[in-house]
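Take a look at the structure set out below.
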Ligand SMILES: [Zn+2]
């Protein structure tokens, strides 16, 4: 049985470093940040020593595959939520490519409810743009927006909305409820049977190429469509230097476009494909060193707005096979913050305030998600992550909390460690360990009824 | 040699040793009793996920001439094509005590995955993987060229200064890739000629020259011209307008054959599309090595099996 929790459990976090570099105690009470300052004291509050830890606003992932309903052998809303909490996230946007597809109010409300039950993070469903992700007919975007799930982000991710007329209509239609279309930019004809980045290495390895132009041409088309109809466009997992250029041009022109990059595209290159180890198979594929550098620079100068994981769990058999037969995708929630640390913080591209921006404030704003992505100030919801930047570890399966072990970082040394995560005022991770599901669900129901 | 997966990692000396052993094997083929007891008690599995009767028969003949037991495991139409994984198949073969696995697979890299997986401990020979490599084909091509150029004095020789022009569907050709690495390692100069659509988009890492003009390549008088097969599925995928235009631009027709240097060697890995990439006059001429390539294939595969599976093979 879970131990009884009063709904007034309070935490006094001592000596944390805020993203701007200042040091502060943080009192979490009543589901809010109740006090900030040095030398705080509060009778009955559980003390947490945060000396040397960075206190980030709870991380928000705009691009997560939770797999439920339909592929519960890969991940469930519960296990994906656990992976998220372990990685310091307090909210995830659940992609629509489930089975059934999240293309009706009923399915998005079901996913929302599963997230609430689990209680580890806010699970905000994404709605499909087209019925069954088939690209032919708009899904009931309005009904999903008006549902209890309040969907604002729509995406056929996994597939590209390739038909320009359907894309135009979708961009226009979601203006009615301040929605955004999140495009998986991949020209389907230019990427038939594609297996890896097209270039000198694909030529040597004999793997069918996934050319950069297949991404860049769709982004170019979409930013022009967004400009023409005055809509909001979000570009998923930007992976090439050319895409960064197109988005930079579009922003300079005043087009309302935002873009994300994944942690793996910030750190890893196509060279990893040489051994045909399917853990490195992902869509869009790992690119060249020049692309990685351009993505880092684009994130640093604001051309790319956010980091999103594209967490894509698969059962082991989907990766334990020859390259062509393997599934695309990597798990990324648990490792995201460490990979961002390694790829753009350690070398000075981003500071911790930037990390708070790209992994919390801005993704919440793009997704129009209330109660997430707020600065740590008095009165803000108690959504908080304590990160130890001085730690270092050889990343292993013990660091994973979801069902998938298809991480590209296994056996790699990664910096940092998430020490604690607080969601709605209660902890989901303490001392680097995930709290048990029953305890979290109990805390969640206290809040829900409180 | 633990496995034979790619020609890219074979050194000049290793290649020459293998080719010299193939010469010894060819001598055996000329004897009345064509069998050697070398691999008696060893089991070689031909694991073919893709139909290729000629390659399978060549490996089968090679293994049998070395007295190995041969199991043909055709994955097409078996449990494998019904969803059994490479892993399950490999573990089955391991349980059956396979010492060597000759694998042909439609997926590039499958032999490497098999060799490094830990699913099976056998020596692995890549008999063609996707559009990646076909190392024994390149070895038999090198062997054939060396014999044509040096005859009985071939042993110990490399291909220093030999010019080889490879023509056709380079993009999808595992033969082209394996020949590129092996022939250049042996000192040859390789040039590719193809329609631009059938060259990789980025060839900067390949130590070769590239051109679109077959007539110019022929007038340059290469020592060897190797014609690659055009697969039927390329015809309908807009790589070129139609077979007639391909043949006009990149086929070794009678007119081009007549202009070819008189002692140039004409090669083709087979099976040929006569009238498309090569004319019958060229294919059947004395300068053609098409049938020698088939015969030499057995010798080279015997050498490979011998190096991988005979007792003194290194186990690291
Ligand atoms: Zn995607």
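Every residue, even glycine, has its Cβ placed from backbone N, Cα and C.
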Site co-member for carbamoyl phosphate according to TrEMBL, given B:54, B:55, B:134, B:137, B:270, B:271, out of B:104, B:234, B:244: B:104
DSSP state at residue B:271 (carbamoyl phosphate binding site), helix/strand/coil: coil
Other residues, Cβ within 8 Å of B:54, B:55, B:104, B:134, B:137, B:270, B:271 Cβ centroid (carbamoyl phosphate site): B:52, B:58, B:127, B:128, B:269
Near-A candidates in B:55, B:134, B:174, the binding-site residues, by Cβ under 8 Å: B:174
Coarse DSSP state, helix versus strand versus coil, of residue B:104 (carbamoyl phosphate binding site): strand
For residue B:55 (carbamoyl phosphate binding site): intrachain residues, at least 6 apart, with Cβ closer than 8 Å: B:48, B:104, B:127, B:128
DSSP-derived helix, strand and coil totals, residue by residue, for the domain 'Aspartate/ornithine carbamoyltransferase carbamoyl-P binding' (B:2-146): 60 helix, 27 strand, 58 coil
Tertiary neighbours of residue B:174 (L-aspartate binding site) (same chain, Cβ under 8 Å, six or more apart): B:128, B:129, B:130, B:131, B:132, B:133, B:134, B:137
Which listed residue (B:54, B:229) has most other Cβ within 10 Å, given these are binding-site residues: B:229
Protein Cβ atoms within 10 Å of residue B:104 (carbamoyl phosphate binding site), excluding its own: 24
